[in-house]
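Take a look at the structure set out below.
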Amino acid sequence: MLPGCIFLMILLIPQVKEKFILGVEGQQLVRPKKLPLIQKRDTGHTHDDDILKTYEEELLYEIKLNRKTLVLHLLRSREFLGSNYSETFYSMKGEAFTRHPQIMDHCFYQGSIVHEYDSAASISTCNGLRGFFRINDQRYLIEPVKYSDEGEHLVFKYNLRVPYGANYSCTELNFTRKTVPGDNESEEDSKIKGIHDEKYVELFIVADDTVYRRNGHPHNKLRNRIWGMVNFVNMIYKTLNIHVTLVGIEIWTHEDKIELYSNIETTLLRFSFWQEKILKTRKDFDHVVLLSGKWLYSHVQGISYPGGMCLPYYSTSIIKDLLPDTNIIANRMAHQLGHNLGMQHDEFPCTCPSGKCVMDSDGSIPALKFSKCSQNQYHQYLKDYKPTCMLNIPFPYNFHDFQFCGNKKLDEGEECDCGPAQECTNPCCDAHTCVLKPGFTCAEGECCESCQIKKAGSICRPAKDECDFPEMCTGHSPACPKDQFRVNGFPCKNSEGYCFMGKCPTREDQCSELFDDEAIESHDICYKMNTKGNKFGYCKNKENRFLPCEEKDVRCGKIYCTGGELSSLLGEDKTYHLKDPQKNATVKCKTIFLYHDSTDIGLVASGTKCGEGMVCNNGECLNMEKVYISTNCPSQCNENPVDGHGLQCHCEEGQAPVACEETLHVTNITILVVVLVLVIVGIGVLILLVRYRKCIKLKQVQSPPTETLGVENKGYFGDEQQIRTEPILPEIHFLNKPASKDSRGIADPNQSAK
């Protein structure tokens, strides 16, 4: 017994020493015990039943740590691998080989500690338990004991007060992203700006030759290391409703594909160019990370472009992979991704309750939470730059059909779903049962406050400008009603423009958005350039052919500005110098052509005024009456009804929209009653006419023969009267059926109304 213990301690020395270098301490030997599951969390639906799974969807492990028994509750990660996942390696000759393994099974989990409200875990069960878990502000690292067959594991405690030997610092390139202008807000725009709407970052990771040599034998060793990192990053970002999904890895086996300079900034520029020109030709992704095992002669451990998500060249990061602890590297990856999503370093008073934040500048220990400052910066970034690539869902259409409590989807039988217990921060929802807590009426929504539905008439979405309406709660739903705005064509900005889809587009504002606040609209003479029919002057683009503007439409083609600066990020600008014959002066006419946008935002925005009662629409200057449909809103509110863009009555602020709905409801009932009465009367008349006709026929049968009767045809204006020799009976005609006429325009007597 004693020799065995001594031998085990000898084996543990290098493993423990390695962790001390990283700054962890207080190791403890544990033997995790797998527990049987008492109940399943799913709702009875099956998923991929035809596939034999090696790893279970849900696990429970008991760990005795510091004289306390912890129960680790783990759920298999479902969203950190994309359905189009690929792996690329290189031969000795430099040839790229790409495979698309159908990964139907993996051993990566996320979870929490049972009965510990503020806890989280990111664990791999591939060969024992390996990963990270947290209880309140204390963080732990667990991994199997090397060369042990008895199931022993080591648990290390991160010391929050001792900085790491390899302390973290990062840098950002000097890069400023311009806000994205647009002629109107699309459904995509509203989704990307929605804080509660789920977003997806399709992540691609490249490992350089040094990382491969250190971890790449066999290949699945490096793969599992990268998967563990992404599982950790995904766990962190799910708190922001972002799913970080790995869509591919590329391993630079045998040699690096770019020169890794001693300057990390130069290396980032070189890598950005390579991934755009080479990697993007064979794989689609939102963000790419280079894991480099080289020191790069710098204390900086990571670098990225601030706010570069979804942009060509700029959605790129580099992380130094110099430490064996994947959680530290993953935390740095999450940190750099935060910069790419518009987040800055946290400085006092931006703090997190659990101590460290993801965006702390030192990044010395794993952090799982974002400060309020980081969250606000991210939400502002969504509004300003609209990174629409984050709306693409990298999973099959039926991926979310697997229903269970904790998937953040409101499935059948659920009143709320705030995600797994370790992620749920909603005080209104019971994360274990997915029902509202006693006494509460709602869990989320603009009309939900303190877990109760707001009263009718409360403003849930204030008016953005003079072309918008404030939305008010209905009193019976936690959701804010659909956004309504003033009817298209309503004069705005002192009659300089007309309202269009809730905005007041003008050329002055568009010039400011394209360039900067110093830019203004140029002289009218510039718009003659739109008759040229090239990329800097046209009205319509059909199959990449630039069609020149007609004379009446020149103010609806490319916009021309003067002053201001253009970021090279958007595209190239062109300045023409034209002579103003009236003032004998030179006029500057500046416009823009985008490199990579499908919609040319250099065209005059739709809805922009191009004359009195005229607006631009698809490169034409048209009368508003032809473009917009308006409505005279009846008095459906208590007072002051206004036309809305959806041809609906919109109540003024302070009135509950219920008043509109009730009035419309009464109106609809009144119309229905009138229609029913008319139908009943019509049926009654029809019955009487049929009975009358039967009576006439009966009299004709019973009466003795009489001489022929002549009847004057009142609908005939000829020289002779028409004589009928048969009984005259009333006939039934549809009220809207016109009498037929002969070639002279005279009505047929048989078709005349009786």
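Glycine is treated like the rest: Cβ placed from N, Cα and C.
Since we're looking at a predicted model, the values are computed, not measured.
Listed in Swiss-Prot for this protein:
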- 199-394: domain 'Peptidase M12B' (DOMAIN)
- 402-488: domain 'Disintegrin' (DOMAIN)
- Asn84: N-linked glycosylation site (CARBOHYD)
- Asn167: N-linked glycosylation site (CARBOHYD)
- Asn174: N-linked glycosylation site (CARBOHYD)
- Asn184: N-linked glycosylation site (CARBOHYD)
- Asn584: N-linked glycosylation site (CARBOHYD)
- Asn668: N-linked glycosylation site (CARBOHYD)
- 1-18: signal peptide (SIGNAL)
- 19-668: topological domain 'Extracellular' (TOPO_DOM)
- 669-689: transmembrane segment (TRANSMEM)
- Query: Taking the Cβ of Asn584 (N-linked glycosylation site) as centre, how many other Cβ atoms lie within 10 Å?
  - Reply: 7
- Query: Asn84 (N-linked glycosylation site) to Asn584 (N-linked glycosylation site): how many Å between their Cα atoms?
  - Reply: 62
- Query: What is the pLDDT of the topological domain 'Extracellular' (19-668) when averaged and given as a whole number?
  - Reply: 82
- Task: Determine the Cβ neighbour count for Asn84 (N-linked glycosylation site): the number of other Cβ atoms within 10 Å of its Cβ.
- Result: 15
- Query: Under DSSP, the domain 'Disintegrin' (402-488) has how many residues in helix, strand and coil?
  - Reply: 0 helix, 17 strand, 70 coil
